[in-house]
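First the structure, in the form of structure tokens, and then the observations on it.
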Amino acid sequence: MDGWTEISRIAATTQPPKGPSPHIHEPASITSLKFDSVQNLIWCGDSFGYTRSFTPGPNSNGVNPYQQSLSFLPYTKFKSSLNNNPILQHLDHKDGILSLSSNCINFNNRRGLAKLSLSSDSFVDANSVLFKNLTSLTTNCNTMNDIVVGSNLSLLKFDLNKPSHLMSFNHDGNISIVNQTSKFLTLGKANGALELFDPVSNSSIKSFQGHTGLLSDLDVQGSYIATCGYSIRPRRYNHNSQNSNNDYMVDPLVNIYDVRMMRAVAPIPFPAGASCVRFHPKLPNIVLISSNSGQLQFVDIYDQTNVFLYQADLMPTSQPRQPSQLSKAPFMTNLEISENGDFFAFSDSYATMHLWTLNNSGSTITKDFVNFPASIEQPDVIIPPATEHIGVDDLVPLSTIGMPYYKDLLLSNYASDLSFTKELAKLPDPIDHDLLVESESHVGFFPYDKSKYGPANTAKKYQSLKERSNIHSTVNVPKFISERNNALTKTMSNTSLALQNLNKEHHNEIFQYKVPLSRKKIPNCYSRLQIQYSKFGVKDFDFSYYNRTDGLYCGLENDADNSYVNPLLQLYKFQPAFHNLMVRNLTNEWLPNDFETIITQKNPQGSSILNELGYLFDMMNKAKDKNVNMSNFSQVFKENRLAQTENLINLDEGAKLNSQALRNLIIGFNKFLIAEVYKDLMNQARDSSISSLMTVSYVMEVRGTGPSCPIYDKQFGSQLSLDLLTPPSNVLNKLSILLNPQINTQQQVVTPTTTRRNHNLITYLEYTINQFKTIPCQQHQHQYPHTLEVRSSITKLPPLLSLNVNLSNEEFKLINGFKKWLVPEFYALNNNNDAPIAFKPVLTQFDQDSTRYELLGYVCEISQQSDFSLGTHNLVSYVKIDGRWFLFNDFLVMQIPEEEVFNLSYPWKKPVILVYHDSSISGIPFDLFQIETFANLPGLNDSIIYRDHFAGSIRESHKKDYELLTRQEAPSLGTLIAIDAEFVNLRPEELEVRYDGHKKLIKPKFLSLARLSALRGDNGEKQGVAFIDDYVVHTGEIYDYLTSFSGIEPGDLDPINSEKNLVTLQTVYRKLWLLLNLGVVFVGHGLYNDFRGINLQVPQNQIRDTADFYYKSDFKRQLSLKFLAYVLLKEKVQTGNHDSIEDAYTALLLYKKYIEITATGEYESTLNYIYSEGQQLRFKVPE
């Protein structure tokens, strides 16, 4: 904190008012200072009850060119106390400023107009007699309108919106200073003690005796409290001084308290004697301390040797108005820091306000006390009427009449390059970027690409822009479920029915996979989809509209990070051998929980790519045609070191990727995924079956060509995928001659145009698996120049062949010209004695030893615009399932004709990853977990349900509120389990704010599981007893703990500092996954949100959600657990922070109550009673 300097001194008081009292002629002193948190104002209160405000004026340079000063202009001045009592404190509010004196509180707006004046006569309660001898005020915890006032008699509270009622807390008063943390009130007592008071429970929580005498100042920042004060000076002879006043001395220490640990931490020494203390608002570890003599110190509470010392000049710059002031030593009071931390101010005994700022670079001084200050309201400027008569004739210019005052540019001041068009008009289409690149070759004419731009010189049917915009508006997004339900309840006329049929036809355009050649447009089914959010959240989005598989296959949501991997995951999911390998691994248990894994390897989830892929596949199986979120997989993938090293993490939905970069990214992920699954299988289960499934074997031979070169080497290797290569032009031309002998090479040059009908994938495969090149020999080059022959050949193809088509844009243009480049199947002739593998499109009677490969599907890149544009490309996948082809575009899933799958003539369609599999493994049945047989699966490890598995060290002091299950209580089909989950917010929501102030949710906040509780639900002695109460470890940054909803405090999830026994996320998830597959029935309140946050797909017949049971569709309002417990169970829950065990138990009781009223036929009457009570209570539990 080096570089602070004084920039201004302000005479903040004026001459005192005249009065009969003899002491009224004493000069006014400054008794209160406050920086405004909304506007650039400093508030100042004096000893005669006046409040003044100042605002920064223009900068000015001093005598030293490196020293600058800031002038201040007076803004307002008004009386804000009764009977000339001093202003003790100011408290700023969004609507004005509150001024406190010993017997009243005034609330004025920032212009000085009175909004409210409160004294003991203002209240109608019996507590009004306590409204005197006031000392301090603050806002209540996490509120702006509840004002808490401390006095010598009690602790009081009133509401600015209802100022006629005064409430008294259960406190005996004797308060000097009041402040607040997020949960408690901090009370500085007159005897030097510090007290923490809970306004919710109306009780004192903790008390500290920090100073034996008086308390002079107190400040709060986060979970830290700083105090300074006085101690009683010990006397040597006190036998005659029993009735005399005590002597006090300034404490040379500043006490620091941590409310998280509820104890004092190391104090800060300050030998000069601390009179004021303030935390820096932007650097919470920095404390500013001042003494009466003007000494200032910036101290780091974590490193108290890091001190910056300053001395304030308290001597007046001019002669004091009263001679008596010369005989007194100047002293310093009222230290305050601005909200942005760039300024601090204090006053002295000469009624002067000093302003300091941080300016260590000589730059221009900022004038802002807050980061984004609101403009100060200025008085209206009255323009005097013109006295001269202005004639209107040809000699008088029109500019003689002045323009009115305006802030915005006039319409006549538009830019010269700005063109205005008619309504609904649009700018011309941009020139294709590919044409601009080719124009640099200085070729006069280019051949017209009919496949890219459609037929040339064709007349189009006229369609107005309004009609086109109407069609596009119906294609984009279907209605929200709530809007659609509202529309169905209305009576429609014949006209509206016809309009609905028209809209339905337009809505079906999203599933259009082929467009007429006359329209240069990519079909709507390939468009980039975006999830829309209404006021009811993502639950209101109609995912089922985009799924046309008749309840068979699900889509993946694309609002999570790294959602570009969705098409590849959907492709591999439908390969039975790969799918079964991933899912079978889940029967084994792999739950690392050591600090090496969690902290060093940065794997706080304690999971792996293999496990998360298996969980994801199982959830996709259970979801049927419901959408699935892959955020759990994304979190583990994002923390993977190899993925970070290979730059495979994408957090902006590909906004900065062009066509080639997106293809490189998905191909890189394909290689990473297969390699990581192979590594995880070896580490977790010593299973190498993925190697026999996907390994491509090759041999590389190096031979010298010289007569005496001895170099010869032969090496064997393997890889898990194969990169496809484009044959060079001479190879393609040679193959064209062999396949088409009628070509006359002497008269016609072989070009890609002449080879388009001759080549397909097999040509590329044969070139890829047999590579030959020559390189200079470096070892014997000095004897005679010769070369080395390097030959590599594929010797064995796996049953599951993954081909990476990593070609350039120019090479893809060549593929677009081949009519049948992509083949549905081919045959690989098995080699003998390391002979090269041969490929054939069909099998003859002479080819017996061969393997038939079928196309499972492929990932395809869709270029919505030019290949070089950023963020306009997306990935889809085609998958063949049970003889039918399906298109997967994130959560859009639809059947598509086979001819469209193999049609690669579109320039915007580029195959990126092809997956072929051996026909012998294509018919393997999928392993699906069935709840009836799950418990008897061979090798199933379900021990995690019956034991603890804490991450890192075990905190013995942590109290267990649960009792583990025993094997005798093993869950089975139909077992009732009551659960409740609490979450923390890792990322805030993204909002789009329109010009009219309307806010649209772009991406919701990202919640992560923080605590899970599960209770026994079946009737018996242990009904309602918890058997799971797990806190989930988090090592990353947490944006918001949501303490008032989750009950999670800062530090509770930290594996190092937490006092709770933590578990990894996979440990909690595996417990729920096992319970789900064992067939238990989950009871809870709002389980949709819980399961969505956990990423668990639970069938509806295993859910008992009390939020749905006690829901009346006519009201369109779901009731809270707290309100239902109050009305039905006559109990008050969630009185403090939420407790997930309490919430789960309450949901269980509500479910039992639902069974009871349903059996007695009282369900409808009870539901009507609940909503009737809710309307009277406004659906809130009375305090």
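Just so you know, glycine gets a Cβ as well, placed from its N, Cα and C.
Residues or ranges marked as region 'Disordered' in Swiss-Prot: 1-24. Swiss-Prot lists 269-309 with the feature repeat 'WD 2', giving sequence analysis as the kind of evidence. Marked as region 'Linker' by Swiss-Prot: 369-520. Here Swiss-Prot flags 521-919 as domain 'USP', drawing on sequence analysis. The feature domain 'Exonuclease' is assigned by Swiss-Prot to 977-1151. Feature annotation from Swiss-Prot assigns divalent metal cation binding site to ASP980, GLU982, ASP1090, ASP1143; the stated evidence is sequence analysis.
Other than the site residues ASP980, GLU982, ASP1090, ASP1143, same-chain residues with C-beta atoms no more than 8 angstroms from the centre of those residues' C-beta atoms, the divalent metal cation site, are ILE979, ALA981, ARG1011, LEU1012, SER1013, GLY1084, HIS1085, GLY1086, HIS1138, SER1140, ALA1144. Listed in sequence order, ILE979, ASP980, ALA981, GLY1084 are the same-chain residues at least 6 apart in sequence whose CB falls under 8 Å from the CB of ASP1090 (divalent metal cation binding site).
For GLU982 (divalent metal cation binding site), the same-chain residues 6+ apart in sequence whose C-beta sits under 8 angstroms from its C-beta are LEU1009, ALA1010, ARG1011, LEU1012, LEU1042, PHE1045, SER1046, GLY1047, ILE1048, HIS1138, SER1140. Every protein chain considered, the tally of other Cβ atoms within 10 Å of the Cβ of ASP1143 (divalent metal cation binding site) stands at 25. Under the three-state DSSP scheme, GLU982 (divalent metal cation binding site) falls in the strand class. Mapped onto DSSP classes, the repeat 'WD 2' (269-309) shows 0 helix, 19 strand, 22 coil. Neighbour density for ASP980 (divalent metal cation binding site): within 10 A of its CB lie 27 other CB atoms from the protein chains shown.
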